[in-house]
Amino acid sequence: MADIKTGIFAKNVQKRLNRAQEKVLQKLGKADETKDEQFEEYVQNFKRQEAEGTRLQRELRGYLAAIKGMQEASMKLTESLHEVYEPDWYGREDVKMVGEKCDVLWEDFHQKLVDGSLLTLDTYLGQFPDIKNRIAKRSRKLVDYDSARHHLEALQSSKRKDESRISKAEEEFQKAQKVFEEFNVDLQEELPSLWSRRVGFYVNTFKNVSSLEAKFHKEIAVLCHKLYEVMTKLGDQHADKAFTIQGAPSDSGPLRIAKTPSPPEEPSPLPSPTASPNHTLAPASPAPARPRSPSQTRKGPPVPPLPKVTPTKELQQENIISFFEDNFVPEISVTTPSQNEVPEVKKEETLLDLDFDPFKPEVTPAGSAGVTHSPMSQTLPWDLWTTSTDLVQPASGGSFNGFTQPQDTSLFTMQTDQSMICNLAESEQAPPTEPKAEEPLAAVTPAVGLDLGMDTRAEEPVEEAVIIPGADADAAVGTLVSAAEGAPGEEAEAEKATVPAGEGVSLEEAKIGTETTEGAESAQPEAEELEATVPQEKVIPSVVIEPASNHEEEGENEITIGAEPKETTEDAAPPGPTSETPELATEQKPIQDPQPTPSAPAMGAADQLASAREASQELPPGFLYKVETLHDFEAANSDELTLQRGDVVLVVPSDSEADQDAGWLVGVKESDWLQYRDLATYKGLFPENFTRRLD
């Protein structure tokens, strides 16, 4: 018995060695290998079919486990409802019956799925292991077949032939071929059949699952409707004990808590070195959300970042500063910007700068009302200007043309005239005093002259005439007129010297100046009437301010300045020696206005009319107002404007009322209008809530 087992074991070992040797030779290419490509395709399909069936079995088992879990959960839910149900409530037994029937339905559904689908699937997959083993055995028999064939071929091709060995090798070859063909034929028939039967199996399985599930849901729906009717009747019996939850979802749809996302605040550094750190804002995201294009269904413009809280104009300066515990020192420029000074561009803005820039307070003396002005215009209307020399001088009217320009000398003329009017009134009632009140004005005047690039020495005689007190205004007028009559030659020489100096005074204007001097001689007997007309004639020309941008305009400004100091000097000059008076008159000649005094109001009105006409020509047709962009806006369509923060847009009437009602405006950027003057090409839509209006 032991010998038999030993022989079988040795035989198996010998087979394995032969197979290993044959595979090595085949891998090395020293022995050919029998291949069946069609059978290999069958094997690949079999492996795929087995993987699909295994996955289907796994998912079906998970589905059945979920059904079992639902059965237990439903049973526990009905049990809890039955426990809380009071005995006197309607439908107590019905609730218990519904729970029991639901449990029976779940159990029946689970069992039918197990019997009709899972067991069938297990049977379907049960045939794969046997076929898989037969495929592996066939591959081994194929190696034995190749080995026997190679051994027979080697004996037949050898020079020394042994018939006994050849005949034995032929028998082994025929035996290996027979065994291989048995496995091969069976698998060649079975594998394609198994691959084709998978379709019918899938159909039967899922038809069974779907029918069972439909039947289950139909039956359990009846029970759920029964429970719903019981609960409805119970609610009707206890209608006075209704319980409502605020914010609970209604039958109309799910509960939607609408919460508008608050856009991030704009980052800003500390307002000042002494400001506390708790005033800083958290870093923000770069830009607001992309707005919907107005060319599509415009339901409204995009929502910009949260607007900043800006104080109203009625707030006083001390109230604004007290909001930040007196740690904020407002940066207010109290000097007029000169022509050579270029304002620094702020790289960063603080929250306080953004909030309070439009309402920067102006330095005012005690007892006087605070006057504020917007930095967009930097000027006040002429009828609101104050004559106090302690106030900071407002910006010149040249800023009305849209560009920042230096202070014009007409401000000096205005305050000098008004101060001289006051001095004329005081000279008749009080003795002369020290001219200390005019010292601040004298300090401002050289700065103005430096800004305009003019010779301040031409204005010094006027200032001296202003601050020298006189006892009698009539005597001063007579002295100046007599001096003017005594020095006609010097006056002519002064006028000739003014013309070649390049100050913009023509010979025709010089002739007009001579007529003015003659008119002044005839006006000497009417000194009192002149005093009465001076206040009316001085204020209006001082409002007409021309921008000083080149030398020619500076010359014209000199003439405008001289129109008022001439009358002022005649009214306020003190009596003195005759030899000094002509010299003073001669020094004043280059800055005198060659035009007669009565024509000054007419000239001012004409200049105002020309300025208004020029301003109207610079605006597009149908101009409404200006706005400033607060946030960047990128155009989504061709009919929209791409705006950057700080851009100024000229708003014109909208072609579509729907866009305007939805919050969209139509306009053209001021820079494009000034450069191209083409409204049709460069106008476009932009959201109104991305901008603020400039008054």
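Cβ from N, Cα, C; glycine included.
Among the ranges 144-191, 336-383, 384-431, the stretch that Swiss-Prot annotates as coiled coil is 144-191. DSSP places the residues of the domain 'SH3' (622-695) in helix, strand and coil in these numbers: 19 helix, 28 strand, 27 coil. Counting every protein chain shown, 8 other Cβ atoms lie within 10 Å of the Cβ of Ser638 (phosphoserine).
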